[in-house]
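Participant: Let me begin by handing over the structure; questions about it come next.
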């Protein structure tokens with residue numbers, strides 16, 4: 001009988017049936033329905049149960065990849081979409097596209113190849129992609145703040161250089177975070193060091209979670225400043241036109257502030273449960289809780305194109321041109337309002 005250790009198809013445990021129980025996981029259980037020591041088959045030949053949560057993650061990854069691939073394609077093919085704002089939206093879409101592909105590849109490699117090396121590569125891709133997605137959201141927030149604070153000098157070569165610098169830094173840092181599991185910072189050799197997401201260590205997931213909380217705090221502060229600037233501009237315009245709160249501009253400004261609240265609220269609702277849970281839990285916690293917080297986090301990459309890309313007037317025009325070769329009059333002549341911020 002071969003002494004080759006079984007390989008885990010799941011994100012969480014070498015036992016693919018552990019997700020069904022509320023008890024802590026038994027990491028000594030082998031791959032499949034029966035313990036390896038009681039079976040004459042090699043681990044790769046044992047019957048494999050597919051975790052339904054992994055199917056959900058794979059389905060989410062497929063939707064994420066398709067949705068964001070459309071955004072990347074539109075921005076790539078349209079030479080008019082080269083402003084800093086569109087470069088950052090393209091970075092976000094590319095990061096989410098890679099995250100979706102990473103989820104699909106992880107499912108494929110885990111259940112077909114059943115290799116630790118393949119698992120490390122796909123987990124590294126997922127970590128790097130989601131990190132780049134969060135960093136891109138921060139970069140978009142910084143760009144929106146600067147476009148309002150330095151409105152007169154925003155469209156300059158200095159702004160473009162700053163945008164490229166942000167892109168290089170965010171993708172470089174994301175790549176470093178994704179390489180950690182591949183370069184040895186993993187718990188495959190020592191199960192007790194595992195976090196709620198195998199094969200990431202508790203220290204690794206703690207760094208990612210704390211970084212997210214810091215980024216969220218920074219984004220919150222920037223959006224508060226954006227709201228103040230937008231409301232101040234709206235008040236100045238109202239005074240110039242001698243109008244009160246019922247002016248159309250005031251109404252659209254309120255919509256803009258509401259849009260900012262929706263953006264930040266959606267981001268927090270998707271990522272905060274998994275972030276907090278991964279800080280307080282470890283590999284002994286029931287897998288159901290991990291999946292229940294991890295799956296909503298992936299939904300943020302489904303929502304991002306709707307919030308940041310499909311609502312943008314220029315991207316809407318490009319999408320209409322790609323899909324039907326024409327642009328509806330209502331889209332072509334729609335004026336930009338503070339609700340588009």
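Quick reminder: no glycine exception, Cβ is built from N, Cα and C everywhere.
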Participant: Could you check which of 161-185, 311-335 is flagged in TrEMBL as transmembrane segment?
Facilitator: 161-185
Participant: Which is it, of 25-44, 205-224, that TrEMBL names as transmembrane segment?
Facilitator: 205-224
Participant: Who are the chain neighbours of the transmembrane segment (161-185) in space, where the CB to CB distance is under 8 Å and they lie at least 6 residues beyond its ends?
Facilitator: 84, 87-88, 91, 95, 120-121, 123-129, 131-132, 135-136, 138-139, 142-143, 146, 199-201, 203-204, 208
Participant: Any chance the transmembrane segment (53-76) and the transmembrane segment (257-276) have 3 or more Cβ pairs under 8 A, given the pairs are 6 or more apart in sequence?
Facilitator: no
Participant: Restricting to the same chain and to residues at least six past its boundaries, which positions have a Cβ under 8 Å from a Cβ of the transmembrane segment (288-310)?
Facilitator: 11-12, 19, 22, 53, 56-57, 60-61, 63-64, 67-68, 70-71, 89, 92-93, 96, 99-100, 103, 130, 133, 137, 140, 196-197, 262-263, 266-267, 269-271, 273-274, 277-278, 281, 316, 319
Participant: In terms of Cβ proximity under 8 Å, which residues at least six beyond the ends of the transmembrane segment (205-224) contact it?
Facilitator: 127, 131, 134-135, 137-138, 141-142, 144-145, 177, 195-197, 260, 263-264, 267-268, 271-272, 275-276, 278-279
